[in-house]
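Trainee: Okay, so Swiss-Prot annotates it like this:
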- R23, R24, E25, Y26, K81, Y138, R142, S146, R206, L207, H208: substrate binding site (BINDING)
- 76-81, 91-92, 97-98, Q120, 155-156, W200, R210: FMN binding site (BINDING)
Amino acid sequence: MTQERSPSDGTPLIQPADIADIRREYTRGGLRRGDLPANPLDLFERWLKQACEAKLADPTAMSVATVDERGQPYQRIVLLKHYDEKGMVFYTNMGSRKAHHLENNPRISLLFPWHVLERQVMVLGRVEKLPALEVLKYFHSRPKDSQIGAWVSKQSSRISARGVLESKFLELKQKFQNGEVPLPSFWGGFRVVIDSVEFWQGGEHRLHDRFFYQRQEENWQIDRLAP
């Protein structure tokens, strides 16, 4: 380990000598073709259940990747709120950066990083906007403070200080204290229509198991990929 001294107070800053040395072996077990159901959602459901049972923090958290009009990728963590044969659902401010990206380019990638279980799942697809009634039903299932929070933030816009948000939140909390919080016109959701899913399971000696499901009309083609 090397030490550097802070120019302000002389406190040593300890940094890894070489982050390339940070590694570990993956030993929790492999994934074999005989383990695979015909439908990737069945395996996803099994793995998600196991992630919940393992008490992972935020097991439904997924990295959502979009690209802007210049082709610049962006990522952020969003919570999965529903999935079925139609696709995977998340909600957002429709004035946000990701919503603008998806308006121009509906292609999207999701990644579920279940590190403790030595697993990850990547989903590729395209989005479609959710119907208003579906959005309304979910919005009113949220805690009331979260509903108010949706009104407060003009997501991805520049603000001068956190106090701007806190003041607006208190103002709206007072306004809606005795009634229902209406659905903001700028708040909605997307369904990711799935084109392909890749399941990754860590393996010993970096011989990881990767299986790629590709939609083929009514069925799924399954291929093993080299690690």
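Heads up, the Cβ atoms here are built off N, Cα and C, so glycines get one too.
For the listed features, I'd like the structural context: burial, neighbours, distances.
Mentor: According to DSSP, E25 (substrate binding site) sits in a coil region rather than a helix or strand.
In sequence order, S63, V64, K98 are the residues of the chain that are 6 or more apart from R76 (FMN binding site) and have a CB within less than 8 Å of its CB.
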Trainee: For the substrate binding residues given in the record (R23, R24, E25, Y26, K81, Y138, R142, S146, R206, L207, H208), what is the largest pairwise C-alpha separation in angstrom?
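Mentor: Greatest Cα separation within the listed binding residues comes to 44 Å.
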Trainee: With R142 (substrate binding site) as the reference Cα, tell me which of the binding-site residues V78, R97, S156 is the closest one.
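Mentor: Comparing Cα positions, the candidate nearest R142 (substrate binding site) turns out to be V78.
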Trainee: Specify the count of other C-beta atoms within 10 Å of the C-beta of R97 (FMN binding site).
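Mentor: R97 (FMN binding site) is surrounded by 16 other Cβ atoms within 10 Å.
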Trainee: Ranking the binding-site residues V78, L80 by other Cβ atoms within 10 Å, which is at the bottom?
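Mentor: Relative to the other binding-site residues in V78, L80, V78 has the fewest Cβ atoms within 10 Å.
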Trainee: By a simple count of other Cβ atoms within 10 Å, which of R23, R142, R206, H208, R210, the binding-site residues in the record, is least packed?
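Mentor: It is R23 that, of the binding-site residues R23, R142, R206, H208, R210, has the fewest other Cβ atoms within 10 Å.
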